[in-house]
Amino acid sequence: MSVQKTQLFKDSFYFFRTNFQIFLIVSVLTSSVIIELHDYIILKLISDTYHDSYFVENNSNFTEIIDTFFFKKKLQFIIIFMLKIALRSLYNAILIGTILSTIYLVCKEKCCSFFSVAEKSISILLPLFILQVLNNMLTELGTILCVLPGIILQLLLLLSPVILLHSKKNILYSIKNSIIISKDHIFFIFFTNFLFSSTKKCISLLVSTLLSDFNNSNNIYLLITHSANNFAYIVLYIILYRFYSLETSETKSKKNN
């Protein structure tokens, strides 16, 4: 590939530095929304619905109680598995959608406001959520069958949110092209994902060490940790957005020639 990887990374980090204030605000606001959603859905809806008394309610016979308990435990496992995918997809859609919307608006308009980012993020939330559900289901199925297929699928689908926003095509087009492009540049995708994972772990370790005294203040600790971790996602998607933009420009120029 003629795209220079080193220059791409330099450009991406420069873009991150020059727009740090915007990304800081986006990171904190997105984390606040996700934490509030998590608290409401997990702590209120699910815990109230699947309280232990729910499993043995209206059963007087001991055998019936045991049978009902195990049946509903299996049912609970399936429901929680599906909820896990749905919630992770929702959180990813909110986070990735906000990041990509900010990158898109800064690149296209050179400046952006909170309202323009919110408007753009909301406009792509539903298709991005559906895309994330499909991606997470494919990755989970690959992981259940064997760990390696799950990892490979995660790498191959990494570009799909960027393609969805950038190309403004449908979900299947985004998945298909993400797989095609990622296969052709698998080492670049692998290295970028490795860089992202390492950065995220380092940030988590650093924040947990510096803020060990804040563990009792759960919401404050979560907000700071989430916001800090979001920077790893921001850098990742700046690199991927820049890469896909250059890749599409190069493909178009080849076709014209």
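Glycine residues also receive a Cβ, built from the backbone N, Cα and C atoms like all the rest.
Nobody curates TrEMBL annotations by hand; they come from automatic prediction.
The annotation transmembrane segment is assigned in TrEMBL to 12-35 (among others).
Taken from TrEMBL, the feature transmembrane segment applies to 77-105 (among others).
Per TrEMBL, the feature transmembrane segment maps to 117-135 (among others). Within its own chain, the transmembrane segment (117-135) is flanked in space by residues 26, 85-86, 88-90, 92-94, 96-98, 100-102, 104-105, 157, 160-161, 164-165, 170-171, 174-175, which lie at least six positions past its ends and keep a Cβ under 8 Å from the stretch.
As annotated by TrEMBL, transmembrane segment applies to 141-165 (among others).
Annotated transmembrane segment per TrEMBL: 186-208 (among others), in sequence order.
What TrEMBL lists as transmembrane segment is 220-244 (among others). For the transmembrane segment (220-244), the residues of the chain that approach it from at least six positions outside its boundaries are 3, 8-9, 11-13, 15-16, 23-24, 26-28, 30-32, 34-35, 95-96, 99-100, 103-104, 107, 158-159, 161-163, 166, 181, 185, 188, 192-193, 195-196, 199-200, 203-204, 206-208, 211, 214, judged by C-beta separation under 8 angstroms.
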